[in-house]
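Working notes for the structure below.
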Amino acid sequence: MPQVVWAQQKSNKIDGSVKPKVFNFVTKLYEDDTAPGLHIEPMVNAADPRARTGRVDDGLRAVLFRLDPPGGEVTYVFIGVWEHDEAIEIAKTRRLQVNPVNGVNEIIEVGAGEASQHVDDVVAKAQEIAAAQQKAAEATAAGLIVTPVLERKGYTLAGLVEDVGFSVADAERLMAARDEAELSELVDAFGNAWQELAVIAMLEGQPIEGILAEITEPIDDSDTVDEIDESDAVDEPAEPARASTPEPDHVQTEDERILRGFQHPAARRQFTYVEGQDELRRVIEAEDFGAWTVFLHPDQRHYVDRDYAGTFRLTGGAGTGKTVILLHRARRLALANPDARIVLTTFTRSLARMLSRDLQRLDPKLKLANRLGEAGIYIGGVDQLVAEVQRRWKRQFNAASVEVIGSSIAGRNPVTKQSTQWATVAQNMQAVLGPLADADFLDEEYLDIVLRERIISRDDYLRTSRLGSGVRLGRKQRVDVWNAIEQYRLSERVDREVTFPELAAIGAVAAAGVEGGLADHVLVDEGQDLVAPQWQFLRALARPGANDLFIAEDAHQRIYGRPVRMARVGIDLRGRSRRLKLNYRTTQETLDFALEALRGETWETGEGTLEDASGYVSARRGPAPRLVGTPAGGAQIDVVQAEVRHWIDDGVDPLTIAVLARKRNDAQSIATFLSDAGIPARLVQASSEGVKGSVVTMTMHQSKGHEFSRVLLYDMSRGRFPATLRGASEAVRDEHRRHEAALLYVSATRARDELVVTYEGEVTGLLGDA
Ligand SMILES: Nc1ncnc2c1ncn2[C@@H]1O[C@H](COP(=O)(O)OP(=O)(O)OP(=O)(O)O)[C@@H](O)[C@H]1O
């Protein structure tokens, strides 16, 4: 039975009506490639003798390459479907080969005259380069061209050809790019994955060796990652054994070399083996925004497949594919061991719902667990998981509550953070506490010290080390703070309430008591926003061991709370951290704009180091974000209406347009206003998805984890964003400003294609020179 390798359809998308025909064609090919209906035919005078066409329907032909390794199975590489004549032309002029310089599989276009010429004809190449360089030098001397971007960066035509592996023609196109915008347009113009990786490396300004390393060398994190002890290692992902790619003990044929080359990380970004019909359906569907389901960046593949002796934390900017990695990793772990108990969790219930939807899309056949502790993948927001432990281990949970907060929580209602209660306590004790009468300080002290350390008596509090907590307290101050905490706990009892962080702290003790733990692998998204008790709970779910916790986070997107020191919540992270830099979501223009919001602040990671905001790149270009102001007292809402109407008139699907506002009331009024103006719009509730055909409005906080084609940020006016906190301490004001800057960064990076920011009077200082 032949095997099929699918090449990513970048420039030749298969549209809806053709998909079922392609599905039938490939299915028949699997069954019998000699079936007369398929018309698999070789080409006369083709650039590559492996080229074939096959009949998809009366007018359409598939273009394939046939690989025939000695003693192995025939493999067809499917590269697309075209109208009959075009397909014949393409089949005659494409060659599948191993790039002679960098060793990665590629499909190249060969001009008619070159059809029989071998690729690494070095002499001819050198002559071509010399001629091209001469031409370029003459043009520059004649003042016909400005110094192009790659020349300014120190790259040469010869380097791109001889050291990286570009053809002379492609290298010339690259060297001719005038600026970075033109250069990044070429990322998409090239069809091969290694070319895309190389151009991105050039955008990052990597030296030639760096470019080659980016393409050919897997990430080496052996210096920072503990080796797995064989005894507790989980299985390596099972790479299907292929009869056609035996370990060579003879001189390899070209077909064998190409077949082995499909396993190269850079080649896997472009080519994938299609194993059976489910996989075939998946790759056919994996167009534009589904590419993440199949074609991972080599770095992404690395973090999906790598096993770690303990906890690993992956960091990366907005849109760098952290969530994509978690989804693939969960699947990989589940396929490697069907008995594994895998928990995929995130900050909120609605984000968890999105994870669930995307995991279904990635692989609808995956075994999902129905309950915590069952084999399979279990998805839920952290607080949902805590609630399940509370429901199923009621007795242990209630007992743990006495241990953790000093009283039973039976009959109490769960509520979010008690900022008003803390404000009341602070106000009542103003005279005693002085500058410590600050709701945020008390709340943080409670979360990060009292709850984390499970302190229920004054003596324990007085004895506890508060090292590293930022605020020094004398003994008298500690006594006063403890009194405030007791007052707070009393008011909660009276109101019959308990907060989610308290429940998490209690859940951690209850879960730790469940024999064998409740999970083997816990994968965490949006880790930057979790508070200490939630980490303790997740720690208790999976006992320390291989691949126990895998955390994805971005300190720049922390819009709640403060960084949590992992060591203090029992999570040993030492050195296992990486940063992803390639943004898949937003255009470079939007990314640069959003990064402006991060400038001028310092961003602390959980380990006390500073998060770096440099080096983020996007391979996509688009219009510069627009700032649209109205005079003070002007009607911003009219601007919103005009902008949204303009997008819709341009044919943008309303559901891919979002208006984000800092205040919920604004998000609500905008939805009403747009609807009244005849533009269907809807305020998205935390628990709901958008409605087909309508523009969505939501708060900036709610936008976390979402993405839209067009985003309008409402009311980024100086003085209103960030709001001025009158009377707050400097520390609180700093924290607030950081959270708001992160919020602006998060919100702006929700836009895939275009961003508009409206304001009244003057624009927020957070956008600086933007
Ligand atoms: N290998 C890939 N190929 C194509 N698209 C990709 C790839 N990886 C990620 N994407 C796309 O990039 C976008 C961002 O990915 P993802 O949500 O995983 O990033 P993230 O780092 O979790 O972002 P954020 O932190 O902003 O929530 C998504 O639309 C995703 O489908």
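Note that Cβ sites are derived from N, Cα and C of the backbone, with glycine treated the same way.
Bear in mind that the values here come from a model prediction, so they are computed numbers and not experimental data.
According to TrEMBL, the compositional bias 'Acidic residues' annotation covers 220-238. Annotation source TrEMBL lists region 'Disordered' at 220-255. Among the features that TrEMBL reports, domain 'UvrD-like helicase ATP-binding' is placed at 295-594. Summarising the annotation, TrEMBL assigns ATP binding site to GLY316, GLY317, ALA318, GLY319, THR320, GLY321, LYS322, THR323.
The ATP site is set by GLY316, GLY317, ALA318, GLY319, THR320, GLY321, LYS322, THR323; from the centre of their CB atoms, other residues of the chain with a CB within 8 Å are ASP554, LEU580, ASN583, TYR584, ARG585. Here the binding-site residues are THR320, THR323, and the one ringed by the most other CB atoms within 10 angstroms is THR320. A helical conformation is recorded for LYS322 (ATP binding site) in the three-state DSSP classification. In this view, GLY321 (ATP binding site) is surrounded by 23 other Cβ atoms within 10 Å of its Cβ, with every protein chain counted. In terms of local Cβ density within 10 Å, GLY317 ranks first among the binding-site residues GLY316, GLY317, GLY319. Summarised as a single figure, the pLDDT of the domain 'UvrD-like helicase ATP-binding' (295-594) averages 91.
Secondary structure from DSSP puts GLY316 (ATP binding site) in a beta strand. The number of other Cβ atoms within 10 Å of the Cβ belonging to LYS322 (ATP binding site), over all protein chains shown, comes to 24. For ALA318 (ATP binding site), applying a Cβ distance below 8 Å and a minimum sequence separation of six or more within one chain yields ASP554, HIS556, GLN557, ASN583, ARG585, THR586, ALA594, TYR745, VAL746, THR749.
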